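Listed in Swiss-Prot:
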- GLY59, PRO60, ASN61, GLY62, GLY63, GLY64, LYS65, THR66: ATP binding site (BINDING)
- 27-244: domain 'ABC transporter' (DOMAIN)
Amino acid sequence: MSSNHQHFRQPAIKGGESRVLSRRAILTADSLTLFYEDKKVIDNVSFSVKFGEIVTILGPNGGGKTSLVRVLVGINKAYKGTVRYFGKLGIGYLPQNIKINRLMPMTVEYFLLHTYLGRRAASDLEDSMKYVDVERLLKRQVAELSAGETQLVLLARCLMMKPDLIILDEPVSCMDIEAKHNFYKLVARLVTECGVSVLMTSHDLHCVMSCSDRVICVNHSIRCEGTPEEITENAKFLSVFPNNV
């Protein structure tokens, strides 16, 4: 199988340019197909994410969402199709499962400053904390954090890289309802105040409705796409996700 990741440089969004550039794509995926052994897990998927947009890939467990994300971020290279990125190309990626050695004594502050590869770690962390409330967690041990607190720390780490695009794979899967809503409010704020674009996956329709600009329903292939209001009225959506409406 062949794969093709392409990067294109484009000016960052500034001031009056935002309305124009926001119509342009920061990410395009064209005809992505992926097999695991003889099983086709992604079937001819094409879509785009625009500057300043929140796009959610919505689908059932086992429907190929994580496999698709792993293609987009370059982890899985054994696919057919093309992935193109535009912009300055700062990309933050928050996987569904991340391995942190919870047996090693390590504060949140140490984790953020010493697992980050930028040259201005302390300054970048300070900038990140303007948006993500992790200052109260800095002296806590990583092993003591709840699932929601861990995701906030990892999101803060993503922001330290000054990304143009943040890709979140099932970021709220271990959170309670209140924590989920707070996390999605934070994501919406990051788009508004930082000018980032967000692509995230979810299997929970009700939580993503409040902040997504566009939803792409995927069950190995794209079944429907549109605004949250449009997809809930789509017959294909109702047939694939009857329990989510």
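Each Cβ is built from the backbone N, Cα and C atoms, and glycine gets one as well.
Here the features listed in Swiss-Prot are placed on the structure.
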{"residue": "ASN61", "record": "ATP binding site", "Cβ contacts under 8 Å, 6 or more apart": "HIS203"}
{"residue": "GLY62", "record": "ATP binding site", "Cβ contacts under 8 Å, 6 or more apart": "none"}
{"residue": "GLY63", "record": "ATP binding site", "Cβ contacts under 8 Å, 6 or more apart": "HIS203, VAL218, ASN219, HIS220"}
{"residue": "GLY64", "record": "ATP binding site", "Cβ contacts under 8 Å, 6 or more apart": "LEU34, VAL41, ILE42, VAL218, ASN219, HIS220"}
{"residue": "LYS65", "record": "ATP binding site", "Cβ contacts under 8 Å, 6 or more apart": "ILE57, GLY59, ASP169, GLU170, THR201, HIS203, VAL218"}
{"residue": "THR66", "record": "ATP binding site", "Cβ contacts under 8 Å, 6 or more apart": "GLN96, ASP169, GLU170, THR201"}
Could you tell me which of these binding-site residues, GLY59, PRO60, has the greatest number of Cβ atoms within 10 Å of its own Cβ?
GLY59
Determine the mean pLDDT over the domain 'ABC transporter' (27-244), rounding to the nearest whole number.
88
Please report the DSSP secondary structure of LYS65 (ATP binding site), reduced to three states.
helix
Additional residues around ATP, ordered along the sequence, whose Cβ is within 8 Å of the centroid of GLY59, PRO60, ASN61, GLY62, GLY63, GLY64, LYS65, THR66:
THR201, HIS203, VAL218, ASN219, HIS220
With H, G and I counted as helix, E and B as strand and the rest as coil, say where DSSP puts GLY59 (ATP binding site).
coil
